[in-house]
Ligand SMILES: [Zn+2]
């Protein structure tokens, strides 16, 4: 009897040890990786945002890159953000795909663009070998390359917190109606569990953030008047979290245009920078003019300059002309 009890206790201990270990593993998996990027000596920070670009220089990709180099020099940028769809039409075939050099390293050659790139994946990247774009082998080939599914960047380090979100797995139609496309879903299965984890981690990062500015970057739109329009799944699952924790900017690509939509229901600014190469001229749907601050259906890119108290957004066309400027400010200390 005593030995039976002892056996039971041992089994329970083993089970609980196993559960603790399993929980530990799951917990570790859920944590988003964090990176830090210092501000300039004067405390300011500036960066460019480009999206939907990799076409071996074609469709004016090289012209946009040239102007990014010039503006990047002028603003003394600290880094570059890519909002995804990094390689058309089907991502990369593998880590040795020549498109990596032909569409990235050999295109963004200006001295000012030799900075860290923080990169998310787009739906076209999922049509190729996703693991290749996430591989550190690409960073060995070009040290600027940093692409992860979901991650956090503390810049300043307390000035701005950027949360990069992998939005493609949120979109139902890629699973239910893939339109003859094959998507590389390795690493996100089971999908429900993956999405739940992402949302929990985004929420926890925003809740704990003490940064002055909170910025979320994803490939898909939340609000857009262009071809793809609003992404329903992000409006349902992600937007309420961004609203609850006072996110300042949501930055995306996917619609091949430049766009700035503000919201009547929250202070979030919705910024689309998806004009890195092929643009969709003429595609615009009606939007409330009170919210639509700017829409341009050609190629171009965006810059952001910030201090602890000021934030300036500028959109540029393929010739480097300034198309739209928007500024906001915050008090250094919040009023009690
Ligand atoms: Zn896209």
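Backbone N, Cα and C define each Cβ position, glycine as well.
Together with 85, 88, 256, TrEMBL lists one candidate of 42, 52, 297 for binding Fe cation 1, that being 52.
Cross-referencing 123, 129, 150, 154 against the Fe cation 2 binding annotation in TrEMBL, which names 85, 219, 254, picks out 123. Looking only at Cα atoms, residue 88 (Fe cation 1 binding site) sits nearest to 123 among the binding-site residues 123, 219, 254. Non-local neighbourhood of residue 254 (Fe cation 2 binding site): 51, 52, 83, 84, 85, 122, 123, 219, 220, 221, 224, 228, 231, 272, 274, each in the same chain, at least six residues away, with C-beta under 8 Å from its C-beta. Neighbour counts of Cβ atoms within 10 Å were taken for the binding-site residues 219, 256; the minimum is at 256.
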